[in-house]
Ligand code: HEM
Ligand SMILES: [Cu+2]
């Protein structure tokens, strides 16, 4: 039995035991359900082995929503614990674990897959391609992300969750102070999904550079594609730093190296440095695709082209460069001199300039446009003032002298939620509503959607604006409780109500999806929003090959040209279409990575070595495999096309 | 015959061997730390560039421009990161 003791949770509570039971029951329920309805074959053929960018996008989307609920449950627990002074719902250790997993889950396993979902769903369609450049690699990226996410999520019932914060600073994260396997989970689960992100970066860059439709020069790409391109460039340059930092952290913890230790020549501050060399670009990886989605939505629902296309592109290129020049602003208080802090203060403030340019471009797009207040547009309009507050407080934090006061208080927490929620989360919900009909063939209910928007916005303001005040008054972040004498009580109670409203908003979103599955009309045509770019030019739902004929493009709004200015999108004869074959190898590799990761976390060397050999075996297999893909013949294309209204386009 | 003989690659191979030998000198002779590191850094970068251009054929296809832009961008970011880290953790700590 001694062997199994290592899997026990070091700090159990009734809540954790209840979760164990719940997880067990849900897994049994799912397995039983799939078996009962005989869906294993369907799942394997249509989903586990798929290399289709649309299906991979949908899987990212579902995972992101699931993780949003996992991270949201953490958030509610934290707000409940802080809702009044001296609460005893969570103890210190449990609170530490929860804020750590909340941060990691939300950034790495919610926001990242959400942006990957939209990149996968939209980019190939927007550039008139049939898939991404490396479809099988794309599947592998997804399954690595998924393996990492599952690994991280079992931590709280097997062996214990990480508890050193999502930033996992050493020496706290070292073996001396974090004795459970929790931080091993952090190092290895993020590593696995990070490898997947890096591969997506390479894949998307190649797709965008090499697979655009005839006539689509770089400066004729739709804005979301541009934003995805820039975000992926940042991924490719930023993620290797994380990979290496995590590797060094892992060897420190598992093999007693001394990279980040405080003795034997190690340097704990080096971790903070590396973490933010990746970490700051990471926040721009998240926000740029969100900006791209807002650009698409604002131009569609203002019924006019995007104002200042060139300055939009230019500001994103500038942001991509600047985002690598500011990382020190996350640790102004670490002890380096005033010279260094001043340099990084200035670079940080500089980022606000291109960001401001974008805000003005959106405003000018709406100015003189004919605005339609749909749900996606509501999110985009709400985003502008709310996000601006986040940007302004960011500039306050950027003043290094003032940051000595703000740093690691609730003021900081308010800042980054103020950028990430109206910036990223609103964009994802707007994108979800906007692109839903393209991929599922029906619209989400607008009325319920508007309710969700208002609940979420009001909830957000109530939850996070009080933190600016308590932060300035000195409430530190990551403190599990406070005394009544501090006077933080009432504002924290307000935050709790805000958080509860946000939770209700998310429930209404789920209700909306279920309601719309049941009640929404299905004959919505290809273009329910009267939109402008190529993704709306193909059928709904999108056929496997996306476009029967590749579109001809003459501007960044090719579909609008075709609708209003007589541009001919599809000319020429149908030809056989070359498509990639499905493959089970990425899924299997995902499982092997999971096993390898789990073995490393618990230092089980025999299975770890076997799994590593398995990974290399899969890669060798791929190298020697002959797979020329398959062809969809003209006859078949015609049959498929005739099933859609109006026949072949 | 001339087209069949990969003169450029053979020259590249010889040059990489020379670079390797120069780098080895650092180990086998008695140099100061600064001189040794300088030699290692310089030979390493020339070596990497040689691999990229001669053996990985950067610049020979029509993606040449994209490849060089990419390398250049990576180079800038690497330099900023390294010198920034040195500034933070050593020179100005
Ligand atoms: C005008 C633009 C922005 C400026 C000037 C800015 C500035 C800053 C500064 C100086 C800090 C560190 C403060 C401290 O630790 O005391 C910070 C933290 C942070 N910012 Fe921003 N920021 C901006 C935009 C954004 C955006 C767009 C996002 C995300 C989408 C973001 C996410 C974050 C996060 C996640 C943290 C802190 C994380 C942590 O310590 O756990 N920021 N920001
Ligand atoms: Cu930052």
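The backbone N, Cα and C atoms fix where each Cβ goes, and this holds for glycine too.
Heads up, TrEMBL stuff is auto-annotated, nobody curated it.
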The annotated transmembrane segment range in TrEMBL, which must be one of A:15-37, A:521-543:
A:15-37
On average, what pLDDT score does this prediction assign to the domain 'Cytochrome oxidase subunit I profile' (A:38-554)?
94
Quick test of the contact rule: Cβ under 8 Å, at least six residues beyond the ends. What residues does that give for the transmembrane segment (A:15-37)?
9, 43, 94, 156-157
